[in-house]
Amino acid sequence: MLNKPALVESLIVFVIVLFVHAVVWDRYSWCAVALAVQAFYVQFKWDHLLQLGGAVFQFRTAANSGLLPASMVIPLLGIVMKERCKSAGIVYFERFGIVVASTGMLVALFLSVIAVGITKPVPTNTCILTGVAGSIIIYTMKHSLTVSEVIEVLEVLLIFVYLSMILLYLLPRCFTPGEALLVLGGVSFVLNQLIKRSLNVIEGRGDPIDFFLLVAVVGVVLLGLFFTVLFIFMDSGTWISSMFFHMMTAVLGLGVIMPWLYRLIQRNPLFWLLQFLFQTQTRVYLLVYWTFLAASACGVVFYQNAKRSSESKKHQASTITRKYFHFIVVATYVPGLIYDRQLLYVAAVLCLAVFIFLEYIRYFRIKPFGQTLRHLLSLFLDERDSGPLILTHIYLLLGMSLPVWLFPRSCAPKGTLSGAGALVPYSGVLSVGVGDTIASIFGSTMGEIKWPGTKKTFEGTMTAIFAQIIAVALILIFDSSVNLNSSYSWILASVSLVSLLEAYTTQIDNLLLPLYLQIMFMA
């Protein structure tokens, strides 16, 4: 039987799905409802498999499978993107939204079929429900997608299958099934988009910063796969291996990634990047300010480690200490969102590449900094870092950046959407930077009334909702591009639902909450 927090988490996701369905009300939203119903039943089977240890791969413990909340993210994003672009009259991105939704549904169905297939005895009712939902979705896709779009969806599914087999084997206990669906599904879609655009390059078409994101994500993933295979055959902790690591990084970067990016943007990537970063005086000021904040974050890490060294007993960073980084990230993103979102977009891509590269150095123990990074970052581990990789700081960066990267700029002629959609780029700041931080601090220090079945408190959740409403008011004051058009009740409902989801989910909230808040704002 599903435990109570999982039931409440599922109920919250159902409410969000029904909200989107009520706004959109077309065949795709009906498919989303069908997918949600079957994902709820299959989530029970996945949880049962994890408890019995019957799953093929090793998943993260101390959390449920998270299949329902993860299954709905990509389809709902595609549906709301389709609606926004349809209302703006941008047919290309309306079709793109349909492809995103169809891809998300098919990948989620695939994971559901896997769970049902390896469950013994075979769950008859769940099989029937999965078959009915799958039939509805496939029938809708048949009558909605062109042949080229069907091929694109199947390509993403194929990439997802291969990536899942490789990465879940190489990285045990790093993901729950839901987190694997979300992360690997996203990477698969990005890789397919990069291949598609590389084969159909049209000079002058496409924004260089979009190509920069695609190449950076695919580049760091391929780099990690290459070194994982390489270090199976040699010890990664020697000086020779370290020299080879840095040399091959330079070779792959300059010999593969740079030419790939050059083909897409039709200019020298390094010159373009330097010209972009220092194009205006505002950008120079922002870069100096962000450098100061990055130095401050490093200072917190060194100070906390020095504090650990001076204590006789084992010292671990407290929840409040870890939330320092949330405050620093909020201070980083808010000026960028107000003054120069394109610069923030590119800077976030660069930071993601640097974070993942440093994690490779830590994971492979690359000299001279690998062991030092292991020692410094071990202080900030929590129960979610149960695998060989430390991912919480990367998830924090992703949670803040995804609303900026996924903002449908082409469907917003004036650079912003109407109503609550104007807050879409702020989804990460509100849900993770403000809401999650305030909930953790107030809940751990003053909270007394706990939500049933969880460690989260009623006081923490209510304070988080109040803090996010204040943050929205401040955004209205300081960002003149935001015009909510009296959609305050929808914003309050969105913030409240996502804050309740934070209280009950056992998934990576840094990744899940911003995406659901973005979905609600875009709806």
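The backbone N, Cα and C atoms fix where each Cβ goes, and this holds for glycine too.
As annotated by TrEMBL, transmembrane segment applies to 12-41, 61-80, 92-116, 122-141, 211-232, 244-262, 282-303, 324-339, 345-365, 426-446, 458-478, 490-517 (among others).
Outside the transmembrane segment (426-446) by six or more residues, the chain places 319-320, 323, 326-327, 329-330, 333-334, 337, 396, 399-404, 456-457, 459-461, 463-465, 467-468, 471-472, 475, 495, 498-499, 502-503, 509-510, 513-518, 521 with a CB less than 8 A from a CB of the stretch. Comparing 61-80, 282-303, 490-517 for CB pairs under 8 angstroms to the transmembrane segment (324-339), the maximum falls on 282-303.
Contact count against the transmembrane segment (211-232) (Cβ pairs under 8 Å) is highest for 244-262, out of 244-262, 458-478, 490-517. Remote same-chain residues near the transmembrane segment (282-303) are listed as 321, 324-325, 328, 331-332, 335-336, 339-340, 343, 347, 376-377, 379-380 (criterion: CB distance under 8 Å, separation of at least six residues from the stretch ends).
Within the same chain, residues 198, 211-212, 215, 219, 222-223, 226-227, 230, 236, 268-270, 357, 361, 364, 366 sit at least 6 positions outside the transmembrane segment (244-262) and bring their C-beta atoms closer than 8 Å to a C-beta of that stretch.
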